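Participant: The structure's right below; bear with me while I get my questions together.
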């Protein structure tokens, strides 16, 4: 049975920095473990019966944290085990859209990439391998949050369906990136280095630590953490996606760039879903707090792609990349219902039809002509070809 985590008051970024994100992920605080009575001195059987009576009658308890009870997404929902009748049609539509976009790593042809890979300059190979290392680790971190926090907190069935499917897709993304590394990198020591990027690469570790800190933060509200992980999938991924699309513009690495199309479409939908969940919240973080989270993510991503792993290695302009990350952040702010922060234009014309909004041409055009037939039409037929 899933349990409801009770968000407490928010904490400052300075306090967050003092928490070791890896040590903060504890399994010891699961609420579905019954409270221990070992510390209660049971002096008589009458007292013992009274204690057990109190445990058996939770309805008599008065909630000390009304914020959870005030949130339709988070409060106890006895109907969470069944899907119908649909109550949140917009959330359900998002789930069906994700379901219709299902794909697997085996469908991506990497046979032509090896020849391209060997023809790349050393700087280009260095950049691509390190970006893939970040991606391979980051999807696992997103799943850690979905499993440990969001899926346990949210009590709305439609949202749980989406989170469950998102977990499956993040696994496929992680498999795809691992397969790309395994295909391109022949040296076993270099592969091991890339697969352990969170420990071996400081620039990747910095981004991972920021995300892990939000997972382990027991005091941040659900709303703050939704914004933080919208930033992870909408901002932390955006520049790296753009850099791979830059390779596509140059006609390079068809397998890598096709998988990038599929994954960026998925992440755009995940980011849109986070914004939808945010809109359903009754108690939202203030615009100032949201700006603080978003600008922090922007600074980390700009540093990653212009200093730690500069896009100039593949011939891109670092200044324009900084601007693109700010453009993506502004778009996310608008989607969350707030004002733009940076007020800049999209500097990359090749990214005009490739955004992380989810309202892109990806889904409508059926990227790579791939979409599960009939899923979005709500129709059932027995005359399909098998």
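The backbone N, Cα and C atoms fix where each Cβ goes, and this holds for glycine too.
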Participant: According to Swiss-Prot, 170, 267, 270 bind Fe cation 2; which one of 233, 303, 307 is annotated to that same site?
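Facilitator: According to Swiss-Prot, the candidate sharing the Fe cation 2 site with 170, 267, 270 is 233.
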Participant: For the Fe cation 1 site that Swiss-Prot lists with 170, 173, give the additional residue from the candidates 139, 182, 187.
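Facilitator: When Swiss-Prot describes the Fe cation 1 site, the candidate it includes is 139.
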Participant: I want the residues beyond 170, 233, 267, 270 whose C-beta is within 8 angstroms of the mean position of the Fe cation 2 site's C-beta atoms, in chain order.
Facilitator: 139, 142, 166, 169, 173, 232, 237, 266, 269, 271
Participant: For residue 270 (Fe cation 2 binding site), write down the residues of its own chain that are at least 6 apart in sequence and whose Cβ falls under 8 Å from its Cβ; none is a fine answer.
Facilitator: 142, 166, 169, 233
Participant: Would you count the other C-beta atoms found within 10 angstroms of the C-beta of residue 267 (Fe cation 2 binding site) for me?
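Facilitator: Total other Cβ atoms inside 10 Å, all chains included: 26.
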Participant: Can you give me the same-chain residues 6 or more apart in sequence from residue 173 (Fe cation 1 binding site) with a CB-CB distance under 8 Å?
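Facilitator: Same-chain residues close to residue 173 (Fe cation 1 binding site) (Cβ under 8 Å, separated by 6 or more) are 135, 139, 263, 266, 267.
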Participant: For residue 177 (active site) and residue 170 (Fe cation 1 binding site), determine the Cα separation and express it in whole Å.
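Facilitator: Here the two Cα atoms lie 11 Å apart.
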Participant: Neighbour count, 10 Å Cβ-Cβ cut-off, for residue 233 (Fe cation 2 binding site): what number do you get?
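Facilitator: Neighbour count, Cβ to Cβ under the 10 Å cut-off: 26.
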